[in-house]
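Peer 1: Submitted below is the structure of interest, expressed as structure tokens.
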Amino acid sequence: LKIVVERDPIKTSFEKWAKPGHFSKTLAKGPNTTTWIWNLHADAHDFDSHTNDLEEISRKVFSAHFGQLAIIFIWLSGMYFHGARFSNYEAWLGDPTHIKPSAQVVWPIVGQEILNGDVGGGFRGIQITSGFFQIWRASGITSELQLYCTATGALIFAALMLFAGWFHYHKAAPKLAWFQDVESMLNHHLAGLLGLGSLGWAGHQVHVSLPINQLLDAGVDPKEIPLPHEFISNRDLLAQLYPSFAEGLTPFFTLNWSEYSDFLTFRGGLNPVTGGLWLTDTAHHHLAIAILFLIAGHMYRTNWGIGHNLKEILEAHKGPFTGEGHRGLYEILTTSWHAQLALNLAMLGSLTIVVAHHMYSMPPYPYLAIDYGTQLSLFTHHMWIGGFLIVGAAAHAAIFMVRDYDPTTQYNNLLDRVLRHRDAIVSHLNWACIFLGFHSFGLYIHNDTMSALGRPQDMFSDTAIQLQPIFAQWIQNTHASSPSLTAPDATASTSLTWGGGDLVAVGAKVALLPIPLGTADFLVHHIHAFTIHVTVLILLKGVLFARSSRLIPDKVNLGFRFPCDGPGRGGTCQVSAWDHVFLGLFWMYNAISVVIFHFSWKMQSDVWGSISDQGVVTHITGGNFAQSSITINGWLRDFLWAQASQVIQSYGSSLSAYGLFFLGAHFVWAFSLMFLFSGRGYWQELIESIVWAHNKLKVAPAIQPRALSIVQGRAVGVA
């Protein structure tokens, strides 16, 4: 393989920066109306609309990725700098069970210093819930100087990324063939990014994180612990903690790998000192992952005539009922970056949601499990990100269908067959949504009615008519008992949540315990099923009907985003692929709201809490989930109001910012909803009256004000 680049393809110039809209003939003329600024933002990064040249589009996307990485490094640098300059990290490291993490101190300008609460150890600041302190501890960072160094390093990397973005667009831009060489890309991404990346992290964990955390767990003062480079350069230091280090690489080359089991463990469960996963387990995990991906990165055919070829694999992939199978999909995925992105977003979004569920059930960092605010924040964060990525997958799949799909080259393959029986798919999915909606809400309505009539014996509950989630309980039991069969050396199952084990408490707070599932979980689970299926229905319908429908057969000519099919065609609004993304987003919000509510209440009721010297656990909401969450009234009274009222009453305390955010978020919600409900004509009439008044006073603007278009109003409304 030869890496083909074009030298000096585009001159470096800042002239275009002074010409807003330079990428479009229409926009480059400048603004006539206020719509111009909307179109400027909508199209600035829509590289497809700037040119039809796939090579140029690919180069722009590639270059933009380096810009994105630079922003990430700058953001990370800021986080580490705050840790170094404004935080109580060293104090927290010394006493993580009594001192809360803080990395921001508010300046006293007009009384905002009220926000600086006492986080323990005499430090006043805003408590942070990002989990950075815990990940720094797991990395082996023991001083604020190390945070300064890392922050500086991140800025240097940001500069390198910015340089790379410029270099690979202006100086040495890859040819299209390079972007389309999937075998080489797979080898490099699998072996390089994932394989060597995991190996590097495993190496850092073994040589730096493990010894430092071992000493911290034993109560050694962070200032007494040797510096990271001393562990790397002085093997004797490591050998004192992990005796197998004294033997060097001999066990590795003699295949006596079990010698290394003092620092590459397979224990399961949590470290009772920190309430986090055993870091020796995670080091072992990353080493294993590295080996797998290094092997995977050598599976695809490039310079030598061995290995897999993606096109051959796809075209051989045929079943007895699938026509041409995957024939034609290789061409789609190497010429449509929207199609490629749609698949990647769907997988990454699903993975992010899996991460959300593992962060609490298998807390990876020390003391993360007893920092309940951080646990809640990390769960919420990963659910939201996952939701956005999955909706983005549908958006780009629909853009692919409108802009890149060529029906003449896709005959009777799987994509064509899916499109041809889209009516069956959508109508079946619609039936599933109706079934789930009526039945899941019906169970709640039944319970509310029986509760109102004073007939608790007729309710669906753990103490009356039981609807136990028997399959979920079976999975829990299987996982709880499996280590004795599948991993005889493991001392516990993968997660305490499966059951079987005792609770782990750190600093008189519950880190984790077996999570019981009952009728209440069965009910809310079916609400999850309902909201997820409706989200999928809307998004999938948008993709399958992006090019045409019975209502608008020529939809593809109208594009990805249009308000209605012109005047005289009533009932054709909110029908574009873009509108399906818009409506799908609302249902994604619905879906994750119920998930976050369920998680928040369940954990406070059945897991989180304090433990007395006698071993008695007192949960935050006293175990009220099983009986209260089985009615809609219970959700409103014992969760939404019970929790919100505490936030609303936070004014005048260091928590008042949360009360103000809570209030502000509802204002934003109401304000954005206004854009969905109000008609465009109403605003245009109002604007014209105001412009008339300005004309009277001879202060009329040169750029004519224009009411938001229907699509623009929806964009504001959904945000």
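Quick reminder: no glycine exception, Cβ is built from N, Cα and C everywhere.
Pulled these features from Swiss-Prot for this protein:
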BINDING   Cys564, Cys573  [4Fe-4S] cluster binding site
BINDING   His666  chlorophyll a' binding site
BINDING   Met674, Tyr682  chlorophyll a binding site
BINDING   Trp683  phylloquinone binding site
TRANSMEM  61-84  transmembrane segment
TRANSMEM  147-170  transmembrane segment
TRANSMEM  186-210  transmembrane segment
TRANSMEM  282-300  transmembrane segment
TRANSMEM  337-360  transmembrane segment
TRANSMEM  376-402  transmembrane segment
TRANSMEM  424-446  transmembrane segment
TRANSMEM  522-540  transmembrane segment
TRANSMEM  580-601  transmembrane segment
TRANSMEM  655-677  transmembrane segment
TRANSMEM  715-719  transmembrane segment
Peer 1: To the nearest whole angstrom, state the Cα distance for the pair Cys564 ([4Fe-4S] cluster binding site) and Tyr682 (chlorophyll a binding site).
Peer 2: 18
Peer 1: DSSP secondary structure for the residue listed as 'phylloquinone binding site', reduced to helix/strand/coil, please.
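Peer 2: Assignment for the residue listed as 'phylloquinone binding site' reads helix.
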Peer 1: Whole-number answer please: how many Å between the C-alpha atoms of Met674 (chlorophyll a binding site) and His666 (chlorophyll a' binding site)?
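Peer 2: Checking the Cα atoms of Met674 (chlorophyll a binding site) and His666 (chlorophyll a' binding site) gives a distance of 12 Å.
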Peer 1: Could you tell me what the rest of the chain brings near the transmembrane segment (715-719), counting residues at least six beyond its ends with Cβ under 8 Å?
Peer 2: 582, 585-586, 672-676, 708
Peer 1: Residue list, the transmembrane segment (337-360) vs rest of chain: Cβ under 8 Å, 6 or more residues beyond ends.
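Peer 2: For the transmembrane segment (337-360), the list is 57-58, 61, 368-369, 375, 378-379, 381-383, 385-390, 392-394, 396-397, 399-400, 403-404, 512, 599, 603.
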Peer 1: Is Cys564 ([4Fe-4S] cluster binding site) helix, strand or coil when read with DSSP?
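Peer 2: DSSP call for Cys564 ([4Fe-4S] cluster binding site): coil, neither helix nor strand.
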Peer 1: Among the binding-site residues His666, Met674, Trp683, which residue has the largest number of other Cβ atoms within 10 Å of its own Cβ?
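Peer 2: For the binding-site residues His666, Met674, Trp683, the Cβ with the most other Cβ atoms within 10 Å is Trp683.
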Peer 1: Taking the Cα atoms as reference points, how far is the residue listed as 'phylloquinone binding site' from Cys573 ([4Fe-4S] cluster binding site) in Å?
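Peer 2: Spelling it out, the Cα of the residue listed as 'phylloquinone binding site' and the Cα of Cys573 ([4Fe-4S] cluster binding site) are 19 Å apart.
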Peer 1: Which residues of the same chain, at least 6 past either end of the transmembrane segment (424-446), have a Cβ under 8 Å from a Cβ in it?
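Peer 2: That would be 418, 459-460, 467, 523, 526-527, 529-530, 533-534, 536-537, 540-541, 544-545, 630-632.
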